[in-house]
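Enquirer: One structure, as structure tokens, below. Some questions next.
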Amino acid sequence: MSLLLGGSSSALNSSGEDSNSSFQTKSDHERPEILPLSLILLLSLVCLLVVIVNSFIIFLLHKKRTLRTLRTNMFLGSLAISDLLSGLVGIPLFAICLDTDIIDVCVSSTIFIRFTAISSVCHVLLIAVDRYIFIVRYMEYHGLVTKRRALFAIVTVWLFSSVASVIQLSWYIFYQVAVTDSENITNEFNKHYSLACLVIFFALPLLSMCSIYGRIFYISVKRKNSHHKMSNIVQQPCQPQSHEWRGRSVLVIAIVIFASCWLPYFVAMLNDHMNDSENTTMQLHMQRLLVFVGLIPPISNPILCTLAKKDFRRALKELLLRRKTNMPAAVVVHREQICL
């Protein structure tokens, strides 16, 4: 599990020393499995669900040209690709690592899972900023969020996530230390790296999202009250409250899922590097729980960020009913509800 959380040198060291000590090999066989066969089958089903849901979002974007005209949906499509990779590559690599205990596979799974985690966090924050600009500065939105700038932001997120996930290997290479060895200098770097990940990829994004969505929530309530007063003056029916609360509920659920899923991941990653002793490892049931908690965002992201949006629901209905609507993309933008 240490490999999944942070790839600590202590965990890798235990695997590397297995080949040199028959006593350690024997003790390793006596340790309970992190994922028994029943949980591996359950994990496979969850990964399959992740792949199906995110592949369907990508398919909808490819199938419907009107979806691709919106800048927000470009970010959502990139997020779907990131989440798809976590279920298609990251978790299978982790399962192979548990089964084979091959160092190269374990290191690759650690880096790739961290890469998809950082990428997912950055994409969710990028989408939140996009929604903020759309709501607060709607008249200037298309001038500020151009296609070129959107593509630049997406490429930046992917490059930044890649560098942030593999930079941990740099001090092992610089000091010529194997990842299976535990040295004081690399341990200190690992602790600082884990703390930086907790601050940069959880604390700051969470505070930013709370501020952004709090502002969006305030504006939506203010506009609703204004529309309600206007409708009373001209005696027109106002928008149903269920529609308003659905959009606000999406914002609250998004923050709750973000905090409850990514906080354990980054805290456990930091704890893994802080504790060098094998006796201080996390309890087995907590390790198993964290494996499945890490798969909640790849499933919830496409549901909250896309299927909760009117244009995606309309595209899904058209696809299922084989019916087309002649609503232009500009109208879709105007009718788009407050979402991620």
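Numbering starts at 1 and runs along the chain as displayed.
Yeah, the Cβs are placed from backbone N, Cα and C, and that goes for glycine too.
Pasting the relevant annotations from TrEMBL:
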type     : residues : note
COMPBIAS : 1-22     : compositional bias 'Low complexity'
REGION   : 1-27     : region 'Disordered'
TRANSMEM : 40-62    : transmembrane segment
DOMAIN   : 53-305   : domain 'G-protein coupled receptors family 1 profile'
TRANSMEM : 74-96    : transmembrane segment
TRANSMEM : 102-129  : transmembrane segment
TRANSMEM : 150-173  : transmembrane segment
TRANSMEM : 193-221  : transmembrane segment
TRANSMEM : 250-269  : transmembrane segment
TRANSMEM : 289-308  : transmembrane segment
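Can you tell me where each of these features sits in this structure?
Expert: Tertiary neighbourhood of the transmembrane segment (289-308): same-chain residues 1, 4-5, 34-35, 42-43, 46-47, 49-50, 53-54, 56-57, 60, 73, 76, 79-80, 83-84, 86-87, 91, 94, 113, 116-117, 120, 124, 127, 246, 250, 253-254, 257-258, 260-262, 264-265, 268, 282, 316, 337, 339-340, selected by CB-CB distance under 8 Å and a gap of 6+ residues from either end.
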Enquirer: When each of 74-96, 102-129, 150-173, 193-221 is checked against the transmembrane segment (40-62) for Cβ pairs under 8 Å, which one has the most?
Expert: 74-96
Enquirer: Averaged across the domain 'G-protein coupled receptors family 1 profile' (53-305), what pLDDT does the model get? Just tell me the whole number, please.
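Expert: Value for the domain 'G-protein coupled receptors family 1 profile' (53-305), mean pLDDT as a whole number: 84.
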